[in-house]
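> Below is the structure I would like to discuss, written out as structure tokens.
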């Protein structure tokens, strides 16, 4: 089957000499929910900018839904919906006008454009704001407006560059539900995010980019399976003055009621509870210190961590 | 006309027209007030002492030039400010991600600018009827030259906006180049009044050709051969449009 996105040896050097991409390869299957993760300045936005025709590429090839970016740019653009990181609409235009205008750029006649605008504004809970100037919207509404605008021509693939940045948890979760539904209906979704629990819960496949190179690409589950160590925090009854000696378990005192310990692959929580019992500790609760993807991300992208785990 | 390019083109034009109509206090009213002041001060008060110019009342002589001046500044100003605002707010990305060819983007913005230029020209023409009788000598010359001039300056405005990196950059050209060239382009005088060397220098000013050809269309007199004016207009249109297309193609000022 034709891939939704195929990137081969993509390079980009900006005019100031900064090498943003060092020949990356990236494949995204049709219908996938894919996350491109990386620290700030890693090359995520440059990659998506090139695919969206907002950044000139250096060398390499990009194909979207089988169409070559160099020779079939218009077809590539028709296949794509783009939600950029920064707000990029005319703040003096009304919400509905922004969508109808964008539909017009894709060749949708006014009647169909109005129907689509109504459909997506309703789906994204913005219909009652249709006559409001976009500058009057809240941050979360502006994000949803950009998603509605990107969908108005009903693209096969949606690119979202940090779609939930700066929105509250309730709106973020409603956006997750909307995107999950959209993906279930067949739209390929590629997103970048700094909320790693977002990528872990939404995306089936993940690529991690750092310093312009793809350093990991695999199904989310496989990536997490490869995670060798997880850190947990246990809250105990009573007061502790130092970390207890637990055989075969690396533990640290967090405060007088909490202990942090590392669990490597192959170690079971049952054994941990047994060790706590042997030490006379009454465990009240236990939780992961951070989410697993976040730990993996830090392991892969932080130099000191890379050296420590090497 | 349901071709996607036509729909995209009309969307751009509609957006541009809606923009300048929405802010009519900034776009349509000021040229009307400025030109009424010109009519009163230069046409009536000073013009009555100047007497005739090439056999016409001074008011009749300056009206075509003032209409042309308003068309030039507004066609230019509309595209330069609108396109730069789109760049500044990044809303130009809406067009860059869409399957709209560069020539459609160019034509859309240019026709938007031409619309405002002609709207202002029409307002100024209507206002001038309070001060003088206007009889059109040659309707085809009048319409063609005003349309081509508006296209030339709207395209120049787009090029200005592409290069501009801050709002000051879109005001420098109108202030330091466009306005002086317009004032020295025979709006208020006949170049035949100038010493021979200054007549020759004046003929390097393209606005002189546009003003005189438009004046020929209205009152039937011109300091220059009108075919030379058409030649110059075609040359400028071709050169500026090619340049603008090249800049859009390379993504200058738009794509990093």
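Every residue, even glycine, has its Cβ placed from backbone N, Cα and C.
Residues or ranges marked as domain 'ABC transmembrane type-2' in TrEMBL: B:22-251. Per TrEMBL, the feature transmembrane segment maps to B:28-46, B:58-79, B:100-127, B:139-163, B:170-191, B:224-248.
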> Out of B:28-46, B:100-127, B:139-163, B:170-191, B:224-248, what stretch is closest in contact terms to the transmembrane segment (B:58-79), meaning most Cβ pairs under 8 angstroms?
B:100-127
> Can you tell me which parts of the same chain pack against the transmembrane segment (B:139-163), counting only residues 6+ beyond its ends and a CB-CB cutoff under 8 A?
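Distant contacts of the transmembrane segment (B:139-163): 67-68, 71-73, 75-84, 87, 106, 109-114, 117-118, 121, 169-170, 173, 178, 210, 213-214, 216-218, 226, 229-230, 233-234, 236-237, 240-241, 243-244, 247-248, 252-254.
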> Using a Cβ cut-off of under 8 Å, list the residues of the same chain at least 6 residues beyond the transmembrane segment (B:28-46) that approach it.
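Beyond its ends, the transmembrane segment (B:28-46) has Cβ neighbours at 20-21, 58-59, 62-63, 66, 70, 73-74, 116, 119-120, 123-124, 127-128, 130-132, 188.
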